[in-house]
Amino acid sequence: MKRIFYLDGQPVPFTSGQNVLEAAIAAGMARQIPYFCYHPALGSLGACRQCAVKIYPHDDKHPPRVTMACLLPASDHLQLATVDQEVHTEHRKIIELLMLNHPLDCPVCDEGGQCHLQDMTVQTGHAVRRYSGPKRTYRDQDLGPLVHQEMNRCITCYRCVRFYQDTAQGDDFGVFGSRDRVYFGRLEDGPLESPFSGNLVEVCPTGVFTDKVFRHDYARVWDLQQGPSVCPHCAVGCNTLPGARLGTLRRVRARHHPEINPHFLCDRGRYGFRYVTAAERPVRARLHGVHSRQDAVLRQVATRLQEGRSGFLGSPREDVQSNLALFALADCLHAPFAALSSPWMEALAQQCMALPQAPTLNDVEMADHLIVLGDLGGVAPMAELAARQALRHGARLTVLASRPTALAEAGDYRPTRPSALPDLVTGLAEDACLQGSRRPVILAAAETLGPAGVHALRKTLARLPANARAGVFQNSPNLFGAAYFAADGHTVRLQHALRQREIDHLLCLAADPLGSDWGAGIWRSLAPGLQGVTVLDMVDTDTVRAAETVLPMAAFPERDGLFINYEGRIQAFAPVYRREAQVPSWQENTRGFPAAAGGQMHPLGPPTPQYWLGRLAELLDIVKPWQERLTFYQRFLCPIAPRPDHPGILLDDALRARFEIAAAPAAAPVGTEDWELDLFRWHGGEALADAAAELQSLAPSRGLRLNADVDASFATLSGPCGRLRLPVLPIVGMVAGVAALDQEGFAQLGLHPGEAVQIQWETVS
Amino acid sequence: MSAYRGLVQLGLGLWTTLRQIGRGASTVSYPEEALKLPPRWRGRPVLTRDPDGDERCVACQLCSAVCPTRCIELQAGEREDERRYPVSFRINFSRCIYCGFCEEACPTLAIQLLDAFAFSTEHHRDLIYEKEALLIDGTGKHPHYNFYRHAGVALHGKDKGQGSNESPPVNGRSNLP
């Protein structure tokens, strides 16, 4: 039966557990009840006293009374009123009190136009400050490069603290002081430590916390071009809303997706977009390191391809269609193609693909028993946020990792060597506690677990009750899309062809085989056999710097495409804006009329990879077969592509089942006396986000993270592909015999997580 | 009777005409002669400066938002002393209809419709005015107003609590009653 209560005589439907305000907002009646401290993700507090309604009791004994809508549980046939003199007076007086000390900042406040306080003040009709006494002021804090504080504007709704301490479980931000001096900030100036600090900007109903990155290149929200996009910085695939103006990207906000990110976004997703505006980003075609005309560069690439000695390398960093376009071109030319840069990565992608359906982040929040393998927060911060919500609901959390990560501190930390993970995962099937849980969820960092570990996880899940789910996270947005092409041995075949001198030219799509991609050590050792490398990319990488020809590429908000996230959810993103090489200046504007009028158009930004590959197909005279193959594979792999604002379509189970035959890859044995490596990632680290200057100014220093007992200041690591000397950074509580290294280091050494390494120690006094 | 009344009417009309003979012309032979404009005349918008000589515009974009012909375009920036200012400010006068909405919307009294009106040219492109051409060296109609004296933000040279009607910064760490 449909449950309803009445607000001003209008029926409002509700579900059990909802409060009156929540139900009224859901029914589109928010205009009748102004509110501040209520937030759908943070719940009710009753601190602002703004959402008053009048309740008429059913009996004749009690008179009608004014109460807070956010604290009133909705119940059947409740009679409520807002069109009432008392309620109106309450609304008006409370907003007058809240505005008592609010400064006259709106013209210079970044919140203007998207300000909840502005909306509610206008809605309530408060216009004139009657009190003529002086306004209270505060000194502000420097909260780092991402969030700007302006405390004078505060209305003490406590949303920031409730988000930061309760939802994100950060401990370096809080509330201080008493009476009318309540202060929200850090104990001392300094950058906010939580990976979710950017959400303060979104939860704050006024301009106390504003986006510092947006501030430097500000545009009012009504001037922004916005469109549905998907975050390209990890496998979670949060929905985002990039905003651009005058051909430049200005900011990224969270876009509501009920199952992945209903409200929030991590700092990597929010501030990582600055790779688009980075000064080093290749935006013009290059030949031998010199800017050249597109046609000349394309002709050079076509000449290389015509020789028939080319290999093609795709990337999990790129969307499905670009990889497909490259694959179709390679297919037409009968050239070797691989979508992943290392056989290890290929095996990992296949194993991930073969896993049963992963839980959505919503399911993770509902879990009652969580097991986390590796540093989840460094790979996919939003998955960590979901895990923390489960913790708040009383879930048990066990973290198996080599070092005490932020999440491990919140749960039961079991120090574990990465090489021991596959066996431990197998042992989980016998775990009585896991067997007895109602909604157990296992979350893992894919690379720490490795192919053998993910394989063990699949076997374990088969033995656990059907309600047990597992999600494996990686920090490229489209590992599943690339795994389509990860049929056995593609990468090995490509490397073999290069070793046998069958090919001497490599066309890379957003791959960095000579830099920090997995397996880069092997590619670097094969590099002398390469006559030339062609790269299509949107960030400056080692491969871009070393390449013979560079074709710049449109960034994700500048084009459309499809990503497949960690659950196998196909999500589409739409072009948000057209990049212009620069904001047109006075002279350009006056002379910038179309060619027909005797002028030049503004130069547009880099084209899409499909455009480049199509042009190459044109030059090679294979447009028709290329297009035919492209359409064929597209129909086969994603017969129905979702619209950009669609919540996504899950991959076909039958397609994923094909990967189940993949045999268990053997992990190299590691002795208990050996030093082994684990992957270190910080929450802002990812190939694209690495080019975002503001975010990277917070990056931890590079080094080898070890147990604090080791007495050395430098370590020289030797792997099959090279040596690396790094400073030693002691970590208290880390497992003895494990050293944590960043992906770049792994690439240089040619090793993978969970493998043994030789270390020479050096002590500098 | 009616003929008599007609003659009187004719005579009165003629008298009204003859009376004007000695009074001189009521038209102005513009452009040789200057026009005397009413004080609330809405001419070409300009950007004014505050009494201290700094530009008033803080690039809040309200003028461009309210403009019915979308002829104003600007980009905000921040100066080293943390004052907001328009990096670029462009008005396309071939689209402007001199409605004065921008002046009404401006919270800092920066944009004002002053008395300039005759600036015809041969090309549309010459009617796109940039900030250099819009910013004047005076305060316009409002000689005393300075937005930053009233705003709560701190600038270099103006600390928190130094604005008009502000108390000195409180100690947000104090738990005293």
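Each residue, glycine too, has its Cβ placed from N, Cα and C.
The domain '4Fe-4S ferredoxin-type' annotation in TrEMBL covers B:45-77, B:87-116. Under the heading [4Fe-4S] cluster 1 binding site, TrEMBL lists B:Cys57, B:Cys60, B:Cys63, B:Cys106. The [4Fe-4S] cluster 2 binding site annotation in TrEMBL covers B:Cys67, B:Cys96, B:Cys99, B:Cys102. The region 'Disordered' annotation in TrEMBL covers B:158-177. What TrEMBL records for B:162-177 is compositional bias 'Polar residues'.
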Taking B:Cys60, B:Cys63, B:Cys96 as the binding-site residues, those within reach of chain A by Cβ under 8 Å are B:Cys60
May I ask you to report the DSSP-based helix, strand or coil state of B:Cys102 ([4Fe-4S] cluster 2 binding site)?
helix
Please work out which residue of B:Cys57, B:Cys96, B:Cys99, B:Cys106 has the most C-beta neighbours within 10 angstroms of its C-beta, and give that one of the binding-site residues.
B:Cys57
Let's check the environment of B:Cys63 ([4Fe-4S] cluster 1 binding site): how many other CB atoms sit within 10 Å of its CB?
25
Give the three-state DSSP assignment (helix, strand or coil) for B:Cys57 ([4Fe-4S] cluster 1 binding site).
coil
Between the binding-site residues B:Cys60, B:Cys67, whose Cβ has more other Cβ atoms within 10 Å than any of the rest?
B:Cys60
For B:Cys106 ([4Fe-4S] cluster 1 binding site) and B:Cys99 ([4Fe-4S] cluster 2 binding site), determine the Cα separation and express it in whole Å.
13
Express the distance between the Cα positions of B:Cys63 ([4Fe-4S] cluster 1 binding site) and B:Cys96 ([4Fe-4S] cluster 2 binding site) as a whole number of Å.
12
Same chain, outside the domain '4Fe-4S ferredoxin-type' (B:87-116) by at least 6, Cβ under 8 Å from its Cβ: which residues?
37, 41-48, 55-60, 62-63, 65-77, 124, 127-131, 134-136, 140-142, 145, 147
What's the number of neighbouring CB atoms sitting within 10 A of the CB on B:Cys102 ([4Fe-4S] cluster 2 binding site)?
24
Sort the binding-site residues B:Cys67, B:Cys96, B:Cys99, B:Cys102 by C-alpha distance from B:Cys57 ([4Fe-4S] cluster 1 binding site) and give me just the closest.
B:Cys102
What does DSSP give as the helix, strand and coil breakdown of the region 'Disordered' (B:158-177)?
0 helix, 5 strand, 15 coil
On a C-alpha basis, identify the one among B:Cys96, B:Cys99, B:Cys102 that is nearest to B:Cys60 ([4Fe-4S] cluster 1 binding site); the candidates are the binding-site residues.
B:Cys102
Not counting B:Cys67, B:Cys96, B:Cys99, B:Cys102, residues with a CB within 8 A of the CB centroid of the [4Fe-4S] cluster 2 site are B:Pro45, B:Cys63, B:Val66, B:Pro68, B:Thr69, B:Cys71, B:Ile72, B:Ile97, B:Tyr98, B:Gly100, B:Phe101
Looking only at the domain '4Fe-4S ferredoxin-type' (B:45-77), what is the mean pLDDT?
93
Provide the three-state secondary structure of B:Cys96 ([4Fe-4S] cluster 2 binding site) computed with DSSP.
coil
Mapped DSSP class for B:Cys63 ([4Fe-4S] cluster 1 binding site), helix or strand or coil
helix
